[in-house]
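J.: Got a structure here, written out as structure tokens. Questions coming.
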């Protein structure tokens, strides 16, 4: 069996999504997610110009060998564009391999470690009261865990908060990057009130998560983690940038609030120190940006040695193809923690028919051979690419800051 063809499909049924489709000479095909939010065309070019020509004629069942070929052979290793492209190939090949075996992907990985996968949803609001209403909607749907974000008085835009009530949060929404304003002081003074309100309204049984989105310095993050210990958060996510992984030592020394990070990581090297020194509790890497199933399995296996659990990124900047693959991985991986979930648009679900199902706060991946997600190319063609870039942040004095 050999790879006969491969092509990239770009569609925008709500936001830009990139899919790689690989077909064998026996007619079996697999698909992988190649979406890199705000940089989609960079991955398209990398795949079409540098990856696809090298795949033709290769044995699709040699998944590890092809992964090594694309990683080691490129010389310019790692980086979000290259690793997203490799991930797309890798997931498509695992999809093919599972289809050839006639089994769902989780079975090929080693079988079930659990019957269902706990997910957390996103509740946002322009203020605390409106955020509580969104939390209530999630609880009524059966969610056991909810990420909470709300507007901060005095800041016109806040990460994770929709511009309009009831609308999904989509940060990449303009032809050029929008400029947002940020105040660490206002944020730190306000956000504990949100957690207090959620606990008062919903009690201790609901898991509360929160994303700081790299906005704090280590000492500021330590202060926040210490102040919110009494609210028993499931985790505090991305509280500071970690180009210097050892910065988490300071945070860890000052708080017992569980820490999660990693959605921007694309290799074990990005998080090795964080994991082996037990500076985090959850690794947030994603299959699509961390080199696919082959590579994220290495990260998860390493993390398990140090009692670090998975908590994979799963927002709508990734397609249902990634969600399907992630749910199969989550069903297998022994050190599973939780899976992020944001519902895609109805149009997206039509483009990507899938076998996974939600019920009472949990997902099951389905039992069809492969990862259980397909793409309807005719419907995809109805939604052409639209330029959209992620915002940038400035402090109130005009200094550029982490978005």
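The backbone N, Cα and C atoms fix where each Cβ goes, glycine too.
According to Swiss-Prot, the protein has these features:
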ACT_SITE  159  active site, proton donor/acceptor
ACT_SITE  213  active site, proton donor/acceptor
BINDING   37, 122, 263, 284, 313, 317, 340  substrate binding site
BINDING   211, 237, 263  Mg(2+) binding site
J.: Within its own chain, what residues at least 6 apart in sequence put their Cβ under 8 Å from the Cβ of residue 340 (substrate binding site), listed in sequence order?
T.: 119, 120, 147, 311, 312, 313, 314, 315
J.: If you measure residue 37 (substrate binding site) to residue 237 (Mg(2+) binding site) at Cα, how many Å is it?
T.: 19
J.: If you measure from the C-alpha of residue 237 (Mg(2+) binding site), which of the recorded positions 122, 159, 213, 284, 317 fall inside 10 Å?
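T.: So the list is 213, 284.
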J.: Max Cα-Cα distance in Å among 37, 122, 263, 284, 313, 317, 340, the residues listed as binding substrate?
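T.: That value is 18 Å for the farthest Cα pair.
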J.: For residue 213 (active site, proton donor/acceptor), what residues in its own chain, 6 or more apart in sequence, show a Cβ-Cβ distance under 8 Å?
T.: 159, 160, 237, 238, 402, 403
J.: If you skip the near sequence neighbours and keep only those at least six away, which residues in the chain come within under 8 angstroms of residue 211 (Mg(2+) binding site), Cβ to Cβ?
T.: 147, 149, 159, 160, 237, 238
J.: Beyond 211, 237, 263, what residues of that chain have CB atoms within 8 A of the centre of the Mg(2+) site's CB atoms?
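T.: Not counting the recorded site residues, we get 212, 213, 238, 260, 261, 284, 313.
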J.: Would you mind pulling the DSSP three-state label for residue 37 (substrate binding site)?
T.: coil
J.: I'd like the Cβ neighbour count for residue 313 (substrate binding site), meaning other Cβ atoms within 10 Å of its Cβ, all protein chains included.
T.: 22
J.: 10 Å Cβ neighbour count around residue 237 (Mg(2+) binding site)?
T.: 25
J.: Around the substrate site recorded as 37, 122, 263, 284, 313, 317, 340, what other same-chain residues have a C-beta within 8 angstroms of the site's C-beta center?
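T.: For the substrate site the neighbour list reads 286, 314, 315, 318.
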J.: For residue 284 (substrate binding site), write down the residues of its own chain that are at least 6 apart in sequence and whose Cβ falls under 8 Å from its Cβ; none is a fine answer.
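T.: Residue 284 (substrate binding site) has long-range Cβ partners 237, 238, 260, 261, 262, 263, 265, 311, 312, 313.
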